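**Q** Pulled from Swiss-Prot, these are the listed features:
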type	residues	note
TOPO_DOM	1-32	topological domain 'Extracellular'
CARBOHYD	N18	N-linked glycosylation site
TOPO_DOM	54-73	topological domain 'Cytoplasmic'
TOPO_DOM	95-99	topological domain 'Extracellular'
TRANSMEM	100-120	transmembrane segment
TRANSMEM	133-153	transmembrane segment
TRANSMEM	172-192	transmembrane segment
TOPO_DOM	193-301	topological domain 'Cytoplasmic'
TRANSMEM	302-322	transmembrane segment
DOMAIN	310-592	domain 'ABC transmembrane type-1 1'
TOPO_DOM	323-347	topological domain 'Extracellular'
TRANSMEM	348-368	transmembrane segment
TOPO_DOM	369-424	topological domain 'Cytoplasmic'
TRANSMEM	425-445	transmembrane segment
TRANSMEM	449-469	transmembrane segment
TOPO_DOM	470-531	topological domain 'Cytoplasmic'
TRANSMEM	532-552	transmembrane segment
TOPO_DOM	596-958	topological domain 'Cytoplasmic'
DOMAIN	625-849	domain 'ABC transporter 1'
BINDING	G659, P660, V661, G662, C663, G664, K665, S666	ATP 1 binding site
TRANSMEM	959-979	transmembrane segment
DOMAIN	966-1247	domain 'ABC transmembrane type-1 2'
TOPO_DOM	980-1016	topological domain 'Extracellular'
CARBOHYD	N1001	N-linked glycosylation site
CARBOHYD	N1002	N-linked glycosylation site
TOPO_DOM	1038-1080	topological domain 'Cytoplasmic'
TRANSMEM	1103-1123	transmembrane segment
TOPO_DOM	1124-1194	topological domain 'Cytoplasmic'
TRANSMEM	1195-1215	transmembrane segment
TRANSMEM	1218-1238	transmembrane segment
TOPO_DOM	1239-1522	topological domain 'Cytoplasmic'
DOMAIN	1286-1518	domain 'ABC transporter 2'
Amino acid sequence: MDRLCGSGELGSKFWDSNLTVYTNTPDLTPCFQNSLLAWVPCIYLWAALPCYLFYLRHHRLGYIVLSCLSRLKTALGVLLWCISWVDLFYSFHGLVHGSSPAPVFFITPLLVGITMLLATLLIQYERLRGVRSSGVLIIFWLLCVICAIIPFRSKILLALAEGKILDPFRFTTFYIYFALVLCAFILSCFQEKPPLFSPENLDTNPCPEASAGFFSRLSFWWFTKLAILGYRRPLEDSDLWSLSEEDCSHKVVQRLLEAWQKQQTQASGPQTAALEPKIAGEDEVLLKARPKTKKPSFLRALVRTFTSSLLMGACFKLIQDLSPSSTHSCSASSSGLFRPHGPYWWGFLLAGLMFVSSTMQTLILHQHYHCIFVMALRIRTAIIGVIYRKALTITNSVKREYTVGEMVNLMSVDAQRFMDVSPFINLLWSAPLQVILAIYFLWQILGPSALAGVAVIVLLIPLNGAVSMKMKTYQVQQMKFKDSRIKLMSEILNGIKVLKLYAWEPTFLEQVEGIRQGELQLLRKGAYLQAISTFIWVCTPFMVTLITLGVYVCVDKNNVLDAEKAFVSLSLFNILKIPLNLLPQLISGMTQTSVSLKRIQDFLNQDELDPQCVERKTISPGRAITIHNGTFSWSKDLPPTLHSINIQIPKGALVAVVGPVGCGKSSLVSALLGEMEKLEGAVSVKGSVAYVPQQAWIQNCTLQENVLFGQPMNPKRYQQALETCALLADLDVLPGGDQTEIGEKGINLSGGQRQRVSLARAVYSDANIFLLDDPLSAVDSHVAKHIFDQVIGPEGVLAGKTRVLVTHGISFLPQTDFIIVLADGQITEMGHYSELLQHDGSFANFLRNYAPDENQEANEGVLQHANEEVLLLEDTLSTHTDLTDTEPAIYEVRKQFMREMSSLSSEGEGQNRPVLKRYTSSLEKEVPATQTKETGALIKEEIAETGNVKLSVYWDYAKSVGLCTTLFICLLYAGQNAVAIGANVWLSAWTNDVEEHGQQNNTSVRLGVYATLGILQGLLVMLSAFTMVVGAIQAARLLHTALLHNQIRAPQSFFDTTPSGRILNRFSKDIYVIHEVLAPTILMLFNSFYTSISTIVVIVASTPLFCVVVLPLAVFYGFVQRFYVATSRQLKRLESVSRSPIFSHFSETVTGTSVIRAYGRVQDFKVLSDAKVDSNQKTTYPYIASNRWLGVHVEFVGNCVVLFSALFAVIGRNSLNPGLVGLSVSYALQVTLSLNWMIRTLSDLESNIIAVERVKEYSKTETEAPWVLESNRAPEGWPRSGVVEFRNYSVRYRPGLELVLKNLTLHVQGGEKVGIVGRTGAGKSSMTLCLFRILEAAEGEIFIDGLNVAHIGLHDLRSQLTIIPQDPILFSGTLRMNLDPFGRYSDEDIWRTLELSHLSAFVSSQPTGLDFQCSEGGDNLSVGQRQLVCLARALLRKSRVLVLDEATAAIDLETDDLIQGTIRTQFEDCTVLTIAHRLNTIMDYNRVLVLDKGVVAEFDSPVNLIAAGGIFYGMAKDAGLA
């Protein structure tokens, strides 16, 4: 390098130590200043150029119009280029004139000139690519300024020393150059305007990060405004920024889907296409399930999707690991402070370098973390989206294998695991790198003794590996328990009403607690192993230090351990400690994530529906539906459900499908939808499809949204759908009209209303083909007739459309075009009604037995038509008596109407319409003003708590852990930190031996005490970890038990108004946080708190001057802490609230996938799910940014601590003990991390303790009456007679609502059979709920056998009554469990009841018999079969009081007749209360109760009621029974 300097005015030396180092006035040689110092910015820019050009080429953000700022920056670049060339020409001029300039005067101007030209071109290229603030160029200009400062000073000092300027030309050009680069740097800090057509210009609340400058991005200053706002008031959702395009779900999910599809393609071989063509009429792309040669790797798909983010994060991490303060410069800086005879400026320079390098490390580290955490958020988002999309395409057999709860677990727990482990991914290579670097520099200081420490690390790795493998085993088992628990809880929440009616809560409670016990045992084992792993890795740095220093002083007596070696080594050991301490967390996280990865991958590899199962194009002319030789099964592993099906349905035909329960009617509809496995044959369906399932699927949204179902509003068509489906009048009594929010699963609608809404959805869709799976079973006979006439029949709005109607209503069959008769999965007969009668087969015999008498009066004429209209009107006005208060005088109005109609009947139909309208109007006028549509909300919105987490929450958790345990943990942590300080002070005293005695004495004693203190610290760490584990698991057990017991005892009204997803969120995510997040957070808080306190104490004790800056730094730290905690806490709460809708929507979607696919609305639901995930991301992204903002600002405080401790050590180096100074500096280098972690863990604690707050909230909700009152038990054998009596009984659904039963008084004799009828919402089901005390009395009493039911426990009551509910609910498990969960009955008893309930043939045909596995909700049984199972339950219990709530609505007439016979014989001496739609089933009952508007309208024998000509007579006449 000296040859570059020449021998002229620059001298002949490139570097001169006497000029630069060993002097009190340091300077650099002129040659160094004009060469390397000037080249540094150029080298940086050229090195960064390839990567930066690659980035600009692939990240076009728009086009920025040429502005004044851009012109100025360009002009400065051009001027700097000119200055460089002027310098170069001046050098050539000197050469020509014989002055022989040094080579550096040619090289430097040439290099700088070319670099300035490059910078100028980059300015314009950035503008064209839409870059508003260039970090690359800002660093370049900053380096130019910094590298020019030293020549700036040197030239002035030289001129002053010489009394003249030696080279006026270069002196002048240099200061012009300095002024220009300073201006360029200042201008580069300003931002350009947003690019044209930038999303930022359209967004009302864009994220400020997008428009932030380089330094703002680097320091996260752009977050400050939100931090201040969050400190001033609780943040709201409207305060949060919009998501950037790159973070939106649809974009992130699509990228992962493409990568996953490539994996599937590679796995299935080149012959398999990744994507199947789109199906006509559908918006989604379904993946075709094909046999695969190998399983696709989801991990590879993730890596390929997020490679760029991983690499960028890795680059930041690599720079941070190699930064000076993290390795040898840390040692060099520290050692310079211990030299009392060197120049003072050495210490000040090294202190400054420590501060600058620490600050750079902070900024780079948090850029790394921001990049990785944003990637982690995107990974979670992508996984949720992929799982959601997969759930829309899985087969029915997969749905039976994976319950809703298990799939929710995949989205909540498993996806979150990926987000939690992502920040540690780079430790896989970074930790070994840091260890290698630390050991390398230890070698430089201690020589081969450093290898002893390496040996310790190598020996401990297999031990920890064995521990981690065992932990993985426990983790897999624990996840299975967790899945089972969440699955069971999901079923309990979905079937909670049935559990209450049957008093089955204890057995399911026992099941949950049994699963929970196994889960906790595995958690405890895993946590113990985690504590052992923590002990190993906490002891590892100490063991390395001990053995390394011990070997060093023992192998050679000449090896002296002085302060410089000890504490430089200790600083390196502390650097070594960071990756080693993080390794247990990494191993634990990777173990858990590997389990989650396998679970997600297994789910994504499950079979999907074949989109080509149903052909949409190739079809016979004139045919809408064709099945040729079709054989179908619900699973490839199961025997066929439908055999040899051959059907051809013409366009516009109305086809009825009939047959007994379980014959395959619903399966045939599913086959047409492509929901079954097609084993043989071909299916063709031409045109769009609308599907009305047997059990209506209703969304948790408004009635209008349920009907429109994603289609644009067409007022005329919408009005027609409501009118024909008899919903118009409902709107007058619903509190919000068609904007009324229908609760989860349509909870606030009756079964009939849900079915009519489902039918209205189909009508509004205006599809070509309508598949109607028994839509008339859930409605009254007159409503069924209206719907058939107005919608389905030959004169209905669907006339001309192709309709396939599954029905048990034989009165509609004559109006169909032809009928398909199914039996045992095969078509036995097919033809027109008259043809089948003439055929004289089984269908004809069935009709002769069950069809109404054709000689009875036909349901035609003016009177009947008007009566039907009034019945519909009454039905509507009686609806929702829990929501509105309609006029109670309906009966009188109806009688008046009937009298007038009788007198007008001869005048013809045309004249009775005005009368009808007039009476309709009069009824509407009599509806009170309380019906005004103010709000239709039923589900209570979940509102985030605000302000500080209440101290009572912390107190509750501390009590759950155990107050003594909590105090003991605090003492253990205080003890272990005191021991750690003692060990380091002892080491400090050890190093002072050399200073005081000139040699080291008692080395073995020193080493022994140091070892003892270290081992004691490790034991205290392990003991504290074990104690925390015991306390945390105790707390988790108590909190879960309290939550479970409270929720299972909550009243039914709570479940009606609270989405199950919200409750399930408490049992899944919040319990997970309490299990696995809260305890480590508390341990980290204790550790960082005591470490920070220890650090301050040691620094103050070592350098008392440090007290001067403690207060200012503490004030700044306090401000940052208060701003951060207030903001992050509220962001965490908002995130928790926004999380529940994701899982609620997912649960809702999974139950309605067949409907969603049938209507082709898959894409709409994807968009809706993405919107809910994006809403959650809007809260998570600021939370991530808040952590980075905190880190930068708090670590700045820590870096100031490092700076001031070093400065004060330099100032007082002549009077301070070198050992204590070394101890002070080594502690100061740790304080940055400990202060940061203290605030972060404190905030994390506040954020995570919210899980306790949320669990406690649902652990203290109002509960039902006690299950058992020991002081007032029911008598043995009660009830004996079954006498039921209501005395002035009134009830409402919830406080503040109107009464649904009003002063009900009636007496039912023991053994009496009573039918209960009335319009929808008249109070029939409410009456039965009151009998079971699902609803508690507002006033009045119910007596059974003279005992007031309100005076005994709920289980004493409910266990002695039996109900067959309207909605048959089964639970996953064996058939035996569903019949006898308590195991009270023998197999013989169960088989006898199955025989009586006509299920024995089906159960006998199953290989497992009574151990036949029912899927969740009983989905692998038909609705009719499920109702038969409910009948079998009733037969087993054989109570004295039996309630039938429309129990045979979904059963064919023949089976219904058999069941009614069974009930008559088996419950002959029991009191039977039957709510019936089919009036023929109660015509032989002792009495019939007619309810109207919650009051008794009629109560007498059927014969007397028909003779009286009242309401019951009208209903019987409609049904053809009078």
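Every residue gets a Cβ built from N, Cα and C, even glycine.
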**Q** Given the binding-site residues G659, P660, G662, G664, which one has the fewest other C-beta atoms within 10 angstroms of its C-beta?
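**A** It is P660 that, of the binding-site residues G659, P660, G662, G664, has the fewest other Cβ atoms within 10 Å.
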**Q** Mind checking which residues of the chain, 6+ beyond the ends of the transmembrane segment (172-192), have their Cβ under 8 Å from one of its Cβ atoms?
**A** 64, 67, 69-70, 72-73, 76-77, 79-80, 83-84, 86-87, 90, 127, 131-134, 137-138, 141-142, 144-145, 148, 151-152, 155, 211, 213-215
**Q** Among 100-120, 133-153, 1103-1123, which stretch has the highest count of C-beta pairs below 8 Å with the transmembrane segment (1195-1215)?
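**A** Looking at each of 100-120, 133-153, 1103-1123 in turn, the most contacts to the transmembrane segment (1195-1215) are made by 1103-1123.
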**Q** Would you kindly check 100-120, 133-153, 1218-1238 and say which stretch has the most C-beta pairs under 8 angstroms to the transmembrane segment (1103-1123)?
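**A** Of the candidates 100-120, 133-153, 1218-1238, 1218-1238 scores highest.
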**Q** Cβ distance under 8 Å to K665 (ATP 1 binding site), same chain, sequence separation 6 or more: which residues?
**A** V657, V658, G659, D773, D774, V806, L822
**Q** Provide the number of Cβ atoms within 10 Å of the Cβ of S666 (ATP 1 binding site), excluding the reference atom itself.
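**A** S666 (ATP 1 binding site) is surrounded by 22 other Cβ atoms within 10 Å.
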**Q** To the nearest whole angstrom, what is the C-alpha distance linking S666 (ATP 1 binding site) and N1002 (N-linked glycosylation site)?
**A** 90
**Q** Determine, to the nearest whole angstrom, how far the Cα atom of C663 (ATP 1 binding site) is from the Cα atom of N1002 (N-linked glycosylation site).
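**A** With distance taken Cα to Cα, N1002 (N-linked glycosylation site) is 94 Å from C663 (ATP 1 binding site).
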**Q** Determine the Cβ neighbour count for C663 (ATP 1 binding site): the number of other Cβ atoms within 10 Å of its Cβ.
**A** 23
**Q** Over the span of the topological domain 'Extracellular' (95-99), count residues by DSSP class, listing helix, strand and coil in order.
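**A** Tallied per class, the topological domain 'Extracellular' (95-99) gives 2 helix, 0 strand, 3 coil.
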**Q** Mind giving me a neighbour count for V661 (ATP 1 binding site)? Other Cβ atoms within 10 Å of its Cβ, every protein chain shown.
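**A** Cβ-Cβ neighbours of V661 (ATP 1 binding site) within 10 Å number 25.
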**Q** In whole Å, note down how far the CA of N1002 (N-linked glycosylation site) lies from the CA of V661 (ATP 1 binding site).
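**A** Rounded to the nearest whole number, the Cα-Cα distance is 94 Å.
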**Q** The domain 'ABC transporter 1' (625-849): mean pLDDT?
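**A** Across the residues of the domain 'ABC transporter 1' (625-849) the model's pLDDT averages 86 on the 0 to 100 scale.
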**Q** Quick check for the class: what is the C-alpha distance, in angstrom and rounded, between P660 (ATP 1 binding site) and N1002 (N-linked glycosylation site)?
**A** 97
**Q** Could you give the residue numbers and ranges of same-chain residues that sit at least 6 residues beyond the topological domain 'Cytoplasmic' (1038-1080) on either side and whose C-beta is under 8 angstroms from one of its C-beta atoms?
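**A** That would be 405, 408-409, 412-413, 416, 482, 485-486, 489-490, 492-494, 496-497, 499-500, 505, 508-509, 512-513, 516, 523, 527, 585, 700, 743-744, 747-748, 938-940, 942, 957, 960, 1028-1029, 1031-1032, 1136, 1139-1141, 1143-1147, 1245, 1248-1249, 1251-1252, 1254-1256, 1258-1264, 1267, 1293-1294, 1329, 1334-1336.
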**Q** Sort the residues of the topological domain 'Cytoplasmic' (54-73) into helix, strand and coil with DSSP and give the three counts.
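**A** The topological domain 'Cytoplasmic' (54-73) comes out at 11 helix, 1 strand, 8 coil.
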